[in-house]
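Take a look at the structure set out below.
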C-alpha cells in the first residue's frame, strides 16, 4: 500500500471518530443486550480479531536491522511509558481543582498510559524520510510492552473501578490480546509467501473492527440519560490534548537534538512521532477489559478517541516543516564532517 493511501486511511478513521463523536448515536445499538451483542462481539470476538490480524501483518523479521540501536529504543519507551504518564499525572493534580469533568481528566491519564501505535507514527516517519526501521521497531515493541505495562499503569494511576478481580483482568487480556497475537505470528510463518504475494487488506480489516468498537463505546456513552458531559469540559479537553501533544513533540525534539545525544536527524524524526503518539487500537479494547462494567468507562474513553485524530492532524501538518529541518540539518552535518583542504600559498 502506498504512503499516501495509508495516510488517507488514517485520516478516514480520524474523520469517522469525529463524526461518531458529534452524531450522538442511537443508544440501543451498543448497549448490553442490543442487536450487536457487544458483551460478546466486542469484548471477545472484535478484540481478538484485531490482534490476530496484527499478528498476521506484523513483519517482525524486518525489525532486526533496528535492534541494535538500544539508546534510541530506551529513550522512546521510557518517554512513552514512564515520563508521559507521570507528567500527565502531575499536570492533573493542578487541573483537579478546576471545574473540568473529573472523568474526562481521568481519561487524559489513560491516554498517558497507552503504548505507541503500530501505524500512524511509522507512516509519518516515512513521510518525512526519518529512521523508518526504528519507528517500526518501537511501534511493534511498544505494543508488546503495552500488553503488560499499560494495564499496570492504569491500575497504578486510576485503580480498578470494575468488579473484575486483578487476576481476571490479566487472564482476559492474555486470552484476547496475547494469544491471538501469537497465533497470528505462527500462522504468518506458514503463509508468509502467500501474504506477500496477495497483500491482504490488513489495515482495512483492523479499521472496520476498530470502528465497530468505537461505535459501541459512543453508544454506551450516550445511552446513559444521566451522563454529565458539558461543552466547556469537552472544549477544554480538546485544547489540552493539542497543547500536550505539541509540548511533548517539542520536548522530544530538544532532548534528541542536544550535542551529546548521539541521535541523527533521522533518529529525531522517529523519536518525535513514536514518543508522542498513542495507540487507539490497543487502548480502547484494553480500557473495556480493565474497566469492564464501570459506568463512567465511556467518558474515560473520550480523551483517547480525541487524541487519535489530533495526533494524525498535527503530524500531517508538521511533516513539511520537520522534513525541511531534517534535510537542512543533514546537509549541515555533512559539511562539518568534510575534511578541510589546506590552502596552498
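Cβ from N, Cα, C; glycine included.
What TrEMBL says about a protein is an automatic prediction, not a curated fact.
Some features that TrEMBL has for this protein:
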SIGNAL    1-23  signal peptide
TRANSMEM  41-58  transmembrane segment
TRANSMEM  70-91  transmembrane segment
TRANSMEM  103-124  transmembrane segment
TRANSMEM  136-157  transmembrane segment
TRANSMEM  169-190  transmembrane segment
TRANSMEM  202-223  transmembrane segment
TRANSMEM  235-256  transmembrane segment
TRANSMEM  268-291  transmembrane segment
TRANSMEM  297-319  transmembrane segment
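Among the stretches 70-91, 103-124, 268-291, the one making the largest number of Cβ pairs under 8 Å with the transmembrane segment (136-157) is 103-124. The stretch with the most CB contacts under 8 Å to the transmembrane segment (70-91), chosen from 103-124, 235-256, 268-291, is 103-124. Long-range Cβ contacts of the transmembrane segment (103-124) within its own chain (Cβ-Cβ under 8 Å, at least 6 residues beyond either end) map to 3, 6-7, 10, 54, 58, 76, 80-81, 84-89, 92, 95-96, 132, 135-136, 138-140, 142-143, 145-146, 149-150, 153-154, 157-158, 203, 228-229, 233-234, 237, 240-241, 244, 270, 273-275, 277-283, 287, 296, 299-304, 307, 311-312, 315-316, 319.
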